[in-house]
Amino acid sequence: MKGRENMLFGTAKMNRENHLEIGGCDTVKLAQKFGTPLFVYDVAHIRAQARGFKQTLNQLGIKNKVVYASKAFSCLAIYQVLKEEDIACDVVSGGELFTALKGGMEPAEIEFHGNNKTPEELRYALDNKIGTIVIDNFYEIDLLEELLATRNQTQKVLFRVSPGVDAETHDYILTGQEDSKFGFDVASGQATEALVRLLSNPSFDVQGVHCHIGSQIFAVEGFLAAVEKMFTILEDWRQVHQFTARVLNMGGGFGVQYTQQDEPLAPATFVEKIVYSLKGHCEQLGYPLPELWIEPGRSLIAEAGTTIYTVGAQKEVPGVRHFVSVDGGMGDNIRPALYQAVYDGFLANRDGHDSVKEVTVVGKYCESGDVLLRDILLPEVKAGDLLAISSTGAYGYSMASNYNRNPRPAVVFVEDGQAKLVARRETYEDMTTLDC
């Protein structure tokens, strides 16, 4: 573990047995009880992140809402924690919506996103009186107009715009530029056309606008550029269309630490600078201060999650590479293969001391691209060792698959020395449950 102390987040530490301990629970014992691969979530860290966002916004004296981005990780238990911390949530599918409702989220505190919501999903949202629908395109306006007309129902909406801001992140998680599948483009006039349509129909209660410029962002400049662009648009709409936004949703995308080299800003720093910029533009324009919504997903949950694997086979290619295989891989963490994401790892069952070797940690899936950690320094490892990879709480379990008919891992929440199984490990029998 030497040299990787800064990759221990929240309550994580190496205990007296030189085992990784999280939430007061020894991960070696967790692996024995629940098996591996195993997602371990530090609930205290989740709570601390949630409270940090809310406290920062409240101290800045702005009406606000913190909305958890469910796509990062969705299960019944996470919504129960969010509800306890007075955090709202957004969903992007009927399945996420169903899970959030079943997990106890209040319908009024749910925001429904998505660039291609189906008629069935929209009916389900309207049936359950979801608080806010974020409209993404003209097709969705058509669908909602038809559905609302048959129900004599009014729906609170935001509409998503693409402000044309480059957040300097990976192309696959860049969403605020003009060439994006998400939202109404500003430069072409689509956003203004959408506003006019929405305002012309009394079935829509247009609360405001939404933008999201990307994910895993380390610099605040992109957010400040987005705030400036949004107020240029909002002031034009106020002058020309007499529309004043009551809500400005700036999305999420705040970066987290995946490796020792990463230096993300504290979430509070992002939030403070966004609020100062927002207030400055409002004062300059004489614009009524809107309610600020933010949508942390990764930044609320990623560093709270750690994946525990068991080491199996090894392969030495002299002068080239030493491969260490574990019992998981791209089926529980697709991000390295999909985004070339980089993580850090260490042994969870013993101290590495000073004897290290450069290895590449690979998964068990039948793909050459199934690489979890490339060219990382680890102690001499042997079969049966436990390998921990930090910051896997976001987009690991939520993007997991049954590729090669491998069961998805179990998920455990740990807090105050107690471990709670919140998602059981799939079985081989589960693999054929849907087969006909």
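Glycine is no exception: its Cβ is also placed from the backbone N, Cα and C atoms.
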Among TYR276, TYR287, TYR395, TrEMBL assigns to the substrate site of ARG298, ARG335, TYR339, GLU367 just TYR395
Need one residue: from GLY214, GLY222, GLY253, GLY345, the one TrEMBL lists with GLU295, PRO296, GLY297, ARG298, TYR395 for pyridoxal 5'-phosphate.
GLY253
I'd like to know which of the binding-site residues TYR339, TYR395 has the most other Cβ atoms within 10 Å of its Cβ.
TYR395
Fewest other Cβ atoms within 10 Å: which of the binding-site residues GLU295, GLU367 wins that one? Let me know.
GLU367
Of all the recorded positions given, LYS71, ARG335, which has the fewest Cβ neighbours within 10 Å once its own Cβ is left out?
ARG335
Rounded to a whole number, what is the top Cα to Cα distance in Å among the residues the record ties to pyridoxal 5'-phosphate, namely GLY253, GLU295, PRO296, GLY297, ARG298, TYR395?
15
Hey, for the pyridoxal 5'-phosphate site built from GLY253, GLU295, PRO296, GLY297, ARG298, TYR395, who else sits with CB inside 8 A of the CB center?
ALA69, LYS71, ALA72, SER215, GLY252, PHE254, SER299, LEU300, ILE301, ALA394
